[in-house]
Amino acid sequence: MSESVDSVELFTDGACKGNPGPGGWGALLVCKGVEKELWGGEANTTNNRMELLGAIRGLEALKRPCEVLLVTDSQYVMKGINEWMANWKKRGWKTAAKEPVKNADLWKALDEQVNRHKVTWKWVRGHIGHHGNERADQLANRGVDEVRGYKQS
């Protein structure tokens, strides 16, 4: 009997105070009604790097290949994965202007994770009350706060 593939919803977000500055990423995984919260941060980063890390860390947390609905409010992540990445790879991680792709280290890591799973991408507008997106935003801000030395109670 073949093992069934789990369906997972993954809500991701990034936050940065200063851009560049202290930043955080958040990921909320939902599988079979169970939620898992992930977050982290870096002292000197950008919002785009944190958006990417939210997606990467969420996908990395999955122990085996899954069907993933990845929900983000980041146009940067959506356009990168759906429009730009194929050409970046063809050009050896260069832009159309022959410049190195910004955040190529993270785009490569995301590409590796996406290839482990069957990912469907969904963009949602941020800060309009979407439960999963709001939780991911709170987690990303927790990551910022921890980097800045604030503790959550």
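The chain as shown is numbered from 1 upward.
Cβ atoms are placed via backbone N, Cα and C, with glycine included.
Binding of Mg(2+) 1 is attributed by Swiss-Prot to ASP13, GLU51, and within the candidate set ASP73, ASP105 the record adds ASP73 to that site.
On the 0 to 100 pLDDT scale, the model's mean across the domain 'RNase H type-1' (4-145) is 96. Ranking the binding-site residues GLU51, ASP73, ASP137 by C-beta neighbours within 10 Å puts GLU51 at the top.
The local packing around ASP13 (Mg(2+) 1 binding site), expressed as other Cβ atoms within 10 Å of its Cβ over all shown chains, amounts to 31. Residue pair ASP73 (Mg(2+) 1 binding site) / ASP137 (Mg(2+) 2 binding site) shows a Cα separation of 10 Å.
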